[in-house]
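Each remark here refers to the structure printed beneath this line.
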Amino acid sequence: MKVVILDTGCANLASVAYAVQRLGYDPIISYEKNIVLSADKLFLPGVGTASAAMEQLKARELIPLIKALTQPVLGICLGMQILASLSEEGHNIPLLGLVDGNINKLDTKGLPLPHMGWDQVLAKPAHPLFRNIDSDAWFYFVHSYGLGLNDSTIAETEYGSRFSSAIQKDNFYGVQFHPERSGKAGAQLIKNFLEM
């Protein structure tokens with residue numbers, strides 16, 4: 001199976017690659033069109049700001065390429081956020097528009113930002129991305145913005161208010177947390193994605 005980690009120019013690619021390698025796969029890190037299109041599974045990692053991420057995607061001519069993908073794609077952290085329509089971070093930056101909803105600053109009801117550390121993820125029962133993971137497992141987060149609950153939500157987390165901690169629409173999946181930094185549960189989630 002060909003596993004590709006999309007080199008977005010705004011991600012910690014090594015930690016995702018290492019997590020995939022530990023499961024026995026040999027991922028390719030690339031943004032070359034032919035390699036990306038021939039992948040069986042794709043990871044879309046991202047860290048930083050939405051505006052910087054979209055600028056990098058535009059510079060690398062990845063926006064139309066990502067939108068054309070039909071194979072399973074897993075967005076991680078900012079990689080999940082850029083699947084949405086707009087981001088409040090940077091005055092309503094247009095995103096990829098593959099998942100309904102906008103990215104807004106977390107309404108933490110006074111809890112500190114960023115939302116950083118381990119938190120509980122309540123997944124929809126029987127969703128294949130969370131197979132063999134406790135329905136109230138804990139994952140590692142680092143973010144200040146998030147996607148509200150909507151029809152694409154497959155897991156949620158509460159930090160002052162509830163937000164989507166995992167989403168799916170068609171072949172696009174996203175997790176707001178970092179599975180590559182989330183121990184056994186994170187490794188199982190990556191394994192589940194690769195075995196879908």
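Heads up, the Cβ atoms here are built off N, Cα and C, so glycines get one too.
What TrEMBL lists as active site, nucleophile is C77. Neighbour list (C77 (active site, nucleophile), Cβ cut-off 8 Å, at least 6 residues apart, same chain): P45, G46, V47, V142, H143, V175, Q176, F177, H178. In the three-state DSSP scheme, C77 (active site, nucleophile) falls into the strand class.
Marked as active site by TrEMBL: H178 (among others). H178 (active site) has a Cβ environment of 21 other Cβ atoms inside 10 Å. DSSP assigns H178 (active site) to coil in the three-state reduction, placing it in neither a helix nor a strand.
If you look up TrEMBL, you'll see E180 (among others) marked as active site.
For 6-194, the entry in TrEMBL reads domain 'Glutamine amidotransferase'.
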Can you give me the average pLDDT across the domain 'Glutamine amidotransferase' (6-194), rounded to a whole number? 96
